[in-house]
């Protein structure tokens, strides 16, 4: 792929997600979310990215199954475009957070975006490891439900049945598409270390280590918020009933 094509696709992606964010702002916003309109728009834009790239990543392997057999050299224009589009989103979201939020409140995500942009950038510029990058984007399948959870919380629907169902699906997809995917990627990188240049291997290893730690922390927070909290609330209600 030519550099001009990469720049055009990535730049168009930045513009697309900027338009998505603008469009979300024109739609009705729940009253409870109006106290932080920027966050509502940001999460909604992230949801669109997850929905788009999550489905796209699955289609990449369905349309071009040979890529699953060779994650280093084999790729299609379709899969290369996916990684470029995702880079565009992360660039957009990075600057959106820098401009609209205190760095002290978002440094974890900013760091995450820098790591992703670096790793994906190497992939699209060298036209190597595109398949590996597409595997990484399977994580976005879980992000669909993760962002939907945030939207429901901001809309004060955290006690609804829909929220509870989404929490269950979110937890299941978190284990399958996030934790298992990261574990598989780490194993693949270790087994194929002789085929990967030292610089790429180092960047990939450091990136995966950071992602693994961040996702373990996030998993604990989700468990504590959606499941441990509900258990504590049930126990508190039982104690009150006993007192009565």
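Every residue, even glycine, has its Cβ placed from backbone N, Cα and C.
Feature list (source: TrEMBL):
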type	residues	note
DOMAIN	35-231	domain 'TLC'
TRANSMEM	46-68	transmembrane segment
TRANSMEM	74-95	transmembrane segment
TRANSMEM	168-186	transmembrane segment
TRANSMEM	198-222	transmembrane segment
With the cut-off at Cβ under 8 Å and a gap of six or more residues from its ends, the chain residues touching the transmembrane segment (74-95) are 1, 6, 9-14, 16-18, 21, 42, 45-46, 49, 52-53, 56-57, 59-60, 63-64, 66-67, 109-110, 113-114, 116-117, 120-121, 123-124, 127, 130-131, 133-134, 137
On the domain 'TLC' (35-231), the mean of the pLDDT values is 92
